[in-house]
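Encoded as structure tokens, the structure appears first; notes follow it.
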Amino acid sequence: MISRICISLLQVLSYRQSDLVAQGDEDLQAMKAGAMLRKVKSRSWKKQRHFRLQEDGQTIWYKSRWAGTGHSTFSVADVDVVREGHQSEILLSIADEFPADLCFTLVFCGRRSNLDLVAESASEAQVWIRGVRKLIQNTKSMNDKERLDQWIWDWFQKADKNKDGRMNFKEVRTLLKMMNVDMNEEYALRLFTMADNSESGCLENEEFVQFYKMLTEREDVWRVFQDYSRDGQILTLAELEDFLKQEQQEGERSLEHAQELIDRYEPSENAKKHGAMSIDGFQMYLVSPEGAILDPQLLALHQDMSQPLSHYFICSSHNTYLMDDQLRGQSSQEAYIQALKRGCRCVEVDCWDGPNGEPVVYHGHTFTSKILFRDVITTLAEYAFKVSEFPVILSLENHCSMEQQRVMAQLLDTILGDTLLRAPLDRLVPQELPSPQDLKGKVLLKAKKIGGVEESETLTDEVTDEVSDEDEADPKSLSAEALRLNDKKSKFSRELSDLVVYCKSVHFHSFEYSRQHSKCYEMSSFSESKARKLAKDTGAEFVRHNSRQLSRVYPSGMRTDSSNYNPQELWNVGCQIVALNFQTAGPEMDLNDGLFSQNGCCGYVLKPDFMRNDDSFDPERPQDRNGYTSLRLSIQVISGQQLPKVNHKEGSIVDPLVRVEIYGVFQDQAKQETSYIDNNGFNPLWNETLNFIVHVPELALVRFVVEDYDKSSRNDFMGQFTVPFTCIQPGYRHIHLLSKDGTAIPLSSLFVNIKISELTTEV
């Protein structure tokens, strides 16, 4: 079977991004010619580099004039946006040396550092700003078919070593190694010979396309297609409907949806006319978002946003200002931008007295760098609601003098303006917290407060308190210097206190005390160790507490490397604000990204109903709750496609395995893995089934991890995808893998068959 998905000769070998946008485009032609730009890393590090756009129209190449043959490259697809002028801290620091019209910043996707550049002239800067923006726009507007075209063209270019537009067998063997395929030489030669219709010993034009088609045949998809196609050539409307009902578990909508899929994905007009789907259309459907594991309808904003804030999990960051570790890391406004772009709705600011009466933000009593509080709030004002319109909680760790607290209050008031919530909605004393819907477009200050909301108009101008919120919650984490300073009473200004409305920080005494005395707008912070102990010893009480009030959990002070704890343990007891170090990639941030990938990535996810009411839910005994039903999750891991290389040495090919991990209540924690496949990252075939029992699917997350097996050392990470159990689409699905940074790995996926059923027998 040779798929027409792999396009015609002219679409592949003549395809270049530059041909689409650069034909006659002066900016892109100038970028191809190249320019000397200054790469700036700091006020003292400014080096000239020669930059140019490669012929593929996708890659930007640069090198130092002293680097010999050494050079660096990056793909335009990795660039998120171009900022013009002094729109980074580094470029602002050299504003006295280089005017804004010479400067621009390339902002990359994921956690990669920005690239700050200075051109020789304003006109040259504009050439690169306009040019890169055009390339970004063109890349983002590509459909899946065009991305595949580009991918094929890129591989051809890499393998065509002598650049003669043809590929001999040696170059084909090199190509296979580059594509993660260790193919038997005899079989590779057979494919090569079958494609070499001209018998010239080289693949030209359509011959290479033919070779690629044979290489990428999906026998796994073909078998599924054959199971439902009577004649083996097409799926009739009735046969496609049957597939959707039986395998994809679609129910009554199957007939209507079958027709929609034919209209949307079938490339053959003749098949469309007869209401049928070919293997090409079937495969296009399976690799589309509709054929993905995550239900696209649940990706959109769909949850009830009118419930009290305490009824939601809230995407939250710890020490948001840090780009690196907790002792010497850089503090940066960029860290706030990155967190907010990831959907974060609770950011943290540690404030200390700074010079010239200006409060600064940094991790106190460490060697982390300092940034101005004013700049942090300006950044918040600009970026708070670009990704989500729902409220942002500003968690304030206040270590400032009375004078600088007043400066903070003035800056919050003037910079945030009407977005800052200053009083209860409708001026009424709240009996329960307002909803995200009620608070759209608002910034809520979380800090200590003088008295309560009811008493704000009658209180004195200052109050004495012991320590900051986090210090109070975890005194063991304080340095000796901090303990000495905390012996001196700290005062809180009335001006700052009055800006705290629904997030008043209070000391946690006990669940019993909170039930009797706490107001709905009072909330406590817990170190991860204290929160874990409460979750283990009194989980059901913690759940009830969190149905009424907000709780914030933050990493241990011992995590100086900015590592993270497992947030699932705290979500299991309903903690809303489980703060993580966003700058640190790993399984914990994968879980966070997975949970908040649903509901429009708005940063708020509605908790299950049994965690929002007075029902007694104990995560240690889930079987005791009303309506308890456990589910069986069966995952057949069928195959992988175009898995990434982890070692780019020539001849290195991965040995991939797939591990499935379940995160949830204690009884649901589990992991299983497939065997590894020798030397095949291009199209490995497993056909192995992994089975799990899930007791609380409403809280469970499923993480798929692909690793390169190594018998002598730790396996290497290749890609992952994490999905809430309740968002899984059953049936034959593709899982589109993400990098460690959470960015998409082009064309890299797993093909699985998922079955979910009620457990009918005792386990």
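Using the three backbone atoms N, Cα and C, a Cβ is placed for every residue, glycine included.
Residues annotated as active site in TrEMBL: His318, His363. Per TrEMBL, the feature Ca(2+) 3 binding site maps to Asn319, Glu348, Asp350, Glu397. Summarising the annotation, TrEMBL assigns substrate binding site to Lys446, Lys448, Ser525, Arg552. The annotation Ca(2+) 5 binding site is assigned in TrEMBL to Asp708, Tyr709, Asp710. According to TrEMBL, the feature compositional bias 'Acidic residues' maps to 457-473. The domain 'PH' annotation in TrEMBL covers 29-137. The feature domain 'EF-hand' is assigned by TrEMBL to 147-182, 183-218. Sequence annotations record features per position, and here TrEMBL assigns domain 'PI-PLC Y-box' to 496-612. The domain 'C2' annotation in TrEMBL covers 611-739. According to TrEMBL, the O-linked glycosylation site annotation covers Ser198. What TrEMBL records for 457-477 is region 'Disordered'.
Shown on the structure are the features that TrEMBL records.
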{"residue": "His318", "record": "active site", "Cβ within 10 Å": "27"}
{"residue": "Asn319", "record": "Ca(2+) 3 binding site", "Cβ within 10 Å": "27"}
{"residue": "Asp350", "record": "Ca(2+) 3 binding site", "Cβ within 10 Å": "23"}
{"residue": "His363", "record": "active site", "Cβ within 10 Å": "22"}
{"residue": "Lys446", "record": "substrate binding site", "Cβ within 10 Å": "25"}
{"residue": "Lys448", "record": "substrate binding site", "Cβ within 10 Å": "21"}
{"residue": "Ser525", "record": "substrate binding site", "Cβ within 10 Å": "27"}
{"residue": "Arg552", "record": "substrate binding site", "Cβ within 10 Å": "28"}
{"residue": "Asp708", "record": "Ca(2+) 5 binding site", "Cβ within 10 Å": "22"}
{"residue": "Asp710", "record": "Ca(2+) 5 binding site", "Cβ within 10 Å": "13"}
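Long-range C-beta contacts of Ser198 (O-linked glycosylation site), restricted to its own chain and to partners at least six residues apart, with a cutoff below 8 Å, comprise Glu204, Glu207. A distance of 42 Å separates the Cα atom of Ser525 (substrate binding site) from that of Asp710 (Ca(2+) 5 binding site).
Secondary structure counts, DSSP: the domain 'EF-hand' (147-182) has 23 helix, 4 strand, 9 coil. Pairwise Cα distances among Lys446, Lys448, Ser525, Arg552, the recorded substrate-binding residues, top out at 14 Å. Across the structure, His318 (active site) and Glu397 (Ca(2+) 3 binding site) place their CA atoms 11 angstrom apart. Taking the C-alpha positions, the distance from Tyr709 (Ca(2+) 5 binding site) to Arg552 (substrate binding site) comes to 38 Å. Counting only same-chain residues at least 6 apart in sequence, those with a Cβ under 8 Å from the Cβ of Glu348 (Ca(2+) 3 binding site) are Ser317, His318, Asn319, Thr320, Tyr321, Ser395, Glu397, Ala579. Of all the Cβ atoms in the protein chains shown, 15 others lie within 10 Å of the Cβ of Tyr709 (Ca(2+) 5 binding site). Taking the centroid of the Cβ atoms of Asp708, Tyr709, Asp710 as the Ca(2+) 5 site, the other same-chain residues with Cβ within 8 Å of it are Val654, Asp655, Pro656, Leu657, Tyr676, Glu707, Lys711, Asn715, Asp716. Here the CA atom of Asp708 (Ca(2+) 5 binding site) lies 44 Å from the CA atom of Lys446 (substrate binding site).
Asp350 (Ca(2+) 3 binding site) has its Cα within 10 Å of the Cα of these recorded positions: His363, taken from His363, Lys448, Arg552, Asp708, Asp710. In this structure the C-alpha atoms belonging to Lys448 (substrate binding site) and Asp708 (Ca(2+) 5 binding site) are separated by 49 Å. Residue counts for the domain 'PH' (29-137) under DSSP, split into helix (H, G, I), strand (E, B) and coil, are 32 helix, 39 strand, 38 coil.
His363 (active site) sits 19 Å from Arg552 (substrate binding site), counting Cα to Cα.
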